[in-house]
Structures are given as structure tokens and as C-alpha cells.
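Per TrEMBL, the features are:
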type     : residues : note
TRANSMEM : 21-47    : transmembrane segment
TRANSMEM : 53-71    : transmembrane segment
TRANSMEM : 83-102   : transmembrane segment
TRANSMEM : 108-126  : transmembrane segment
TRANSMEM : 133-155  : transmembrane segment
TRANSMEM : 167-186  : transmembrane segment
TRANSMEM : 198-216  : transmembrane segment
TRANSMEM : 244-266  : transmembrane segment
TRANSMEM : 325-345  : transmembrane segment
TRANSMEM : 351-369  : transmembrane segment
TRANSMEM : 381-400  : transmembrane segment
TRANSMEM : 406-429  : transmembrane segment
Amino acid sequence: MSVISCSYKDVFEEKVSRGKLLILAFQHVLTMCPASIAVPLILGSALNLDNKTVAFLVSANLFTSGISVLIQTFGFANIGSKLPLVMGASFAPLGVMISIGGQYGLNTLFGAIIGSGILIFVISFFMEKILVFFPNVVVGSFVTLIGISLIPVAFKDLAGGEGAANFGAVENIMLGGLVLIIIIGLNQYGKGLVRSLSLLIGIIIGTIIAFALGMVDLTPVAQASWFEIINPAKFGAPKFRIDAILMMTIFCVINLIQCIGVFSVLDEVCQTNTDSSTKIKGLRGVAMGQIFAGLFCSVPSTMFNENVGLIELTNVKSRNVIKMAGLFLIIIGFFPKVAALITIVPKPVMGGATISLFGIILTAGISILSKVDFSTGGNFTIVGISLAVGVGVTVVPNIFDAFPSLLSMLLSNGLFMVSITAIILNIVFNFKDIKKSLVAN
């Protein structure tokens, strides 16, 4: 596969007509919203917050996600990668956020998010050396597990959503299957705009059919308020506890590792070669976005793999599309009814749609691993053992329940386990090469 340096921005400066740009941007918002909104919803439920407070957290999340997207796509000084990357709420620190919020309250939670964002920003200045520990054998294993771990999520949605009374109903699976077939068909045989909007068209057709079958619940739209001010002083001044900040930082490092993987997925999709400097700027953008998130009573953001998958599906790599998506998110953050309208898309419809996106992520992981020389450096063992550990923990997450709570949360995270296992094994098998790279940097 030929690659181009991401220093040549032409690949991301594709000219897109205004109408097409708006529709493609909305398609990206529709793709990221369900997963991003889920984080504040789960957090609010776990902390027993009232509906009005949870609604505010959702609006704040969309608003700060939009801010993070603009930081990432525009780039300011040495902050932001200037790559077409969509940002949304991260699941990585969800467990520790519930723990901090439940024990110390929301003020301390948002203080921990701000404090850990500052620490992550400081860590980014040492990323040149840290990136040495993330060759293709490590990143490929990590990205492959992301694809593997996301696919069950899509299949649960396809069946109706986890815990649904009609989980696995024939009509759910047939509806989601039809959406998937429409997306594949339009992507394969559609031309121009139709091909680019294959995901959106599939979701719209699926939702219309679901509405006719009585599968669409409009209650969230009716209950949502028309306007919400994202007030940074909503819960008072943030409080800073060293222990809470350090706990949050540990899990936000996992988020950074995930972002490193997203850069590699983007390279596979766009046939680019993102240099270390651009990655470091991007990670600083993640940290800056997290600081803003804490200030505006929201949760940390991460780069969304599914939106990189959408770039592959649409074959439109324009940064301007993602910039517009960021603006949409900021605007939607002020209008909860619009956000609620996006969330009424039935689970089977989203399940069928996301199977195609998550499959692309899995393929990207395999493609990264295809560049690895499995005849040297113990790479065969590194990939095999790290994926075995990562998949094992993903499938059996309660294996570490007897451990202290913080350690249990960390070790039961499959993405953390696959990355730390691959990094350690790579150091063991390729210590001399890593030492040379560290000296060179």
C-alpha cells in the first residue's frame, strides 16, 4: 500500500460542496452520538442523579465534544493534529468516574477531570520517547482487539439492545440485517453522494420502517427541553483531590493509548503516514479538550474509531466535514430536543449500521498486523499472547473481581491488558532495538 506523509495536507483538504458537507457532517454526528451520549447516561444512573441533571450532562457532553473536535481539526500552535478526527465521550475512565463521583461528589469528579487533563498535557511533552513503545506489533494488536470488542456491542444492538424485553426477536434481527444490506449495497453500487451517504440512508430507511412497525419511542423527544445553557458553574467550583486526580489520570492514559491506535486506523483508511509530531499535537489536543470538559461539567473525550470507519465507507476525507460536525455538536448541545431526536433511532437499526463500521476497524487492525515481520523479534508470540489476554479479559471481565477495586477496574479493561501485555513482551523480545530508538530520540 502506498502512503503519503500527513505533512502533505492535500488528502484532508478535499473540496466538498456546501450541501454535501452539511449532510456528511450530520452523518458523522449521527454515528458518534449514541456511544457518546451513553457515557453521561450511565454515569448519571450510577450516581442516582435526577433526570434534569442527567439531561444537562448529556448536553454538556455534546457541547464539549464539539469543542474537542474543533481543537483537533483546526489545531492551535502545537495543540491539535489538524486531522479529520471526531471526538466523543470516552468509556475508558467511566468506572473510576463513577467511583470518584459516588465517593466525593460531582465537584471533585470534575476537578479530577481537569487535574488529570493537565497531567496528560504535561505527559504529552514526553510522547516522542513513549511512542517508541508502540510499533505496529503493539498498535496492530490493540486496534484488532478494539474491533473484536466492538462487534459484540453491534450484535447486541442488532438483537434489540442489552436487557430489552424483545431481545433477539426475529423482527429486530431482520430490520438490522436489512439496514446492513442497504448500506453494503449503496456503498458497493451507489454513485457519488448516494455512496457517501450510504450509512445515513440506511439508518433513515430503517428508522422509517421501525416507526411503521411501532418500534420508535418518541417519549425522549417529548420530555427533552428546548434549550439548555451549558453553565460551567452548574455544580459550583471544582474541587481538587490528589488521589482522585491520580486515579483519573491512570485511566486517561488508557484513553491516550486508544487515540494512538486511532491514528493508525486513520493511516490505514486514508493511506497516510502520520508522523510522531502530529500524533503528539493530537494527544495534546485530547488533553486540552479534557480540561475544557471538566470546566464545563462534562466527561473526557476520545477519538472515535467508528467515525474513521465512516471515512472509509464514504471515501470523503475532508477535514472541513469534521469541522462542521464539531459545530453541529456545539449547537446541538444547547438544544436537547435535537439530541433526543438522534437517540430515538432504534437499537436494531444502529446495530446493523455499526456492524459495517466496526468491521472496518477490525480489518484495519489486521492490515496493521500484516506489516509485521512474524519471523523475527518474537512478534508471533507478542501478538498471540497479547490478543489472548485482551480477548480473555474482554469475555470474562469479572476474573479480577477479588482484587482491590481500582486494580480490578484496570485489569478488567481488555484494551489496557492487550496494550500492556504487548508493550512488555515487545520490550522483552526487542530490548536492543527499543534502546537504540530511545537514544536516537
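Each residue, glycine too, has its Cβ placed from N, Cα and C.
From a predicted model like this one, the values you see are computed outputs, not experimental measurements.
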Contact call for the transmembrane segment (53-71) and the transmembrane segment (325-345): at least 3 Cβ pairs under 8 Å, seq gap 6+: yes
The transmembrane segment (244-266) touching the transmembrane segment (108-126) per 3+ Cβ pairs under 8 Å rule: yes
Considering the transmembrane segment (83-102), which listed stretch of 21-47, 198-216, 351-369 counts the most C-beta pairs under 8 Å: 21-47
Stretch of maximal Cβ-Cβ contact with the transmembrane segment (21-47) [cut-off: under 8 Å; candidates 198-216, 325-345, 351-369, 381-400]: 325-345
Maximum Cβ pairs under 8 Å to the transmembrane segment (351-369) - stretch from the list 167-186, 198-216, 325-345, 406-429: 167-186
The transmembrane segment (406-429) versus listed stretches 133-155, 167-186, 198-216, 325-345: most Cβ pairs under 8 Å: 133-155
Outside the transmembrane segment (133-155), six or more residues from its ends: residues with CB under 8 Å to it: 257-258, 260-261, 264-265, 305-306, 351, 354-355, 358-359, 361-366, 368-369, 371-372, 377, 379, 382-383, 386-387, 390-391, 394, 414-415, 418-419, 422-423, 426-427, 430, 434
Positions whose Cβ lies under 8 angstroms from the transmembrane segment (167-186), at least six residues beyond its ends: 157-161, 194-195, 197-199, 201-203, 205-206, 209-210, 213, 215, 313, 346-349, 351-353, 355-356
